[in-house]
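Asker: My questions all concern the structure below.
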Amino acid sequence: MSALKNDTFLRALLRQPTEYTPLWLMRQAGRYLPEYNATRARAGDFLTLCKTPDLATEVTLQPLARYPLDAAILFSDILTVPDAMGLGLYFSQGEGPRFERPLRDEWEIRDLSAPDPTDHLGYVMDAVRSIRRALDGAVPLIGFSGSPYTLACYMIEGGSSDDYRHIKTMLYRRPDLLHRVLEVNTRAVTDYLNAQIEAGAQAVMIFDSWGGSLTPHGYREFSLDYMERIVSGLIKEREGRRIPSIIFTKGGGNWLEAMAGAGADAVGLDWTLDIGEARRRVGDRVALQGNLDPCALHGTPESIRAEAERIVDAYGNHPGHVFNLGHGISQFTDPANVAVLVDAVHSRSRAIRAGA
Ligand SMILES: Cc1c2[nH]c(c1CCC(=O)O)Cc1[nH]c(c(CCC(=O)O)c1C)Cc1[nH]c(c(CCC(=O)O)c1C)Cc1[nH]c(c(C)c1CCC(=O)O)C2
């Protein structure tokens with residue numbers, strides 16, 4: 001493996017000084033890029049793209065060819081794990097992800113088990129190895145997984161939901177069954193992330209997209225505790241470097257202190273809180289990743305610069321900030337606006353470091 005040429009992102013996650021604020025964007029490889037749509041059309045559909053390591057490598061690198069981003073993220077999806085558990089993932093036009101066999105009955109839950117990642121998810125590890133080769137040390141590669149609770153939402157609802165009726169009915173009527181699903185997911189995610197690290201992922205992120213729909217005590221019991229267990233079970237070092245971890249609960253701003261205590265190196269923030277305030281609340285306990293409103297990218301070059309600079313300035317001249325969006329980039333984003341954002345973050349943060 002060649003030496004890492006740009007380790008700004010990894011250093012920021014460990015709260016070490018950097019010359020500028022590194023950035024990457026959630027869903028940076030995606031439908032706002034015409035070259036992504038072209039590769040996806042060649043693949044036929046999204047899942048084939050995920051399951052074909054050469055194509056997953058190609059789309060992972062596309063945003064890096066356009067913009068000087070500071071990290072690459074494995075092209076895949078959080079729902080490959082429940083797919084490997086046999087739930088039958090498919091994407092129907094306009095409806096988002098669906099499962100052929102959602103978990104509803106007690107016997108299905110009793111039968112559920114964590115997949116062996118090197119066997120059922122071998123295509124993901126092949127993609128990780130192939131992306132590392134293609135990157136040739138340019139920037140670090142991020143591996144990822146869904147959180148046990150967020151995966152359980154999709155597994156039990158059978159797809160996206162606006163009220164989480166099925167999983168919350170289980171939570172209030174049969175918490176024992178939900179805990180059983182979360183136990184299996186925790187084992188599955190720990191093994192899956194460790195397999196990604198062994199294949200070459202240099203940092204890992206846990207996406208808890210729906211933990212924010214829980215009550216404060218429900219969040220602790222059904223989402224955060226399981227993420228904490230995963231983080232404590234992760235491989236901490238590879239190739240002579242620490243493997244930093246990031247947890248991200250969308251809508252979790254109220255519970256920032258609790259998230260900062262879960263053992264991860266960094267906490268991701270959505271756009272609903274001020275990052276300067278967040279930094280005062282967590283102090284030096286963790287790095288922070290975020291937190292531009294993805295819709296800010298629909299603004300003008302001037303408004304995009306202003307919003308980006310506001311966030312860089314609010315965090316201030318301390319180590320430990322990774323710039324990102326507060327959620328995935330919208331498919332309706334103009335790619336030219338992403339170039340404006342990347343430049344704004346890099347140049348403003350360099351100026352702050354230089355004392356300007
Ligand atoms: C909840 C969730 C999913 N997937 C993911 C989450 C957690 C983050 C979040 O809250 O958004 C995570 C994810 N999904 C994807 C990545 C790739 C890495 C990256 O560039 O960040 C990552 C990290 C690709 C994708 N995953 C998906 C696409 C679009 C698929 C396409 O090309 O049609 C991409 C690029 C599909 C997907 N996958 C999922 C949904 C709800 C959808 C449909 C919504 C949509 O269409 O945007 C499940």
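Any Cβ shown, glycine's included, is placed from N, Cα and C.
Predicted automatically and left uncurated, TrEMBL annotations should be read as such.
A quick note: this is a predicted structure, and the numbers were derived from the prediction, not measured.
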Asker: From the candidates H327, H346, give the one listed by TrEMBL for the same substrate site as R27, Q28, A29, G30, R31, D77, Y154, S209.
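Answerer: Among H327, H346, only H327 appears alongside R27, Q28, A29, G30, R31, D77, Y154, S209 as substrate-binding in TrEMBL.
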Asker: Where does the mean pLDDT land for the domain 'Uroporphyrinogen decarboxylase (URO-D)' (22-31)?
Answerer: 98
Asker: Quick one, of the binding-site residues R31, H327, which Cβ has the fewest other Cβ within 10 Å?
Answerer: R31
Asker: If one measures from the C-alpha of R31 (substrate binding site) to the C-alpha of D77 (site 'Transition state stabilizer'), what distance in angstrom results, rounded to a whole number?
Answerer: 14
Asker: What's the longest C-alpha separation between any two of R27, Q28, A29, G30, R31, D77, Y154, S209, H327, the listed substrate-binding residues, in angstrom?
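Answerer: Between the most distant Cα atoms of the substrate site, 23 Å.
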Asker: DSSP-wise, what's the residue breakdown of the domain 'Uroporphyrinogen decarboxylase (URO-D)' (22-31) into helix, strand and coil?
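Answerer: For the domain 'Uroporphyrinogen decarboxylase (URO-D)' (22-31), the helix, strand and coil counts are 0 helix, 1 strand, 9 coil.
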Asker: For the domain 'Uroporphyrinogen decarboxylase (URO-D)' (142-158), DSSP counts of helix, strand and coil?
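Answerer: Result for the domain 'Uroporphyrinogen decarboxylase (URO-D)' (142-158), in helix, strand, coil order: 10 helix, 5 strand, 2 coil.
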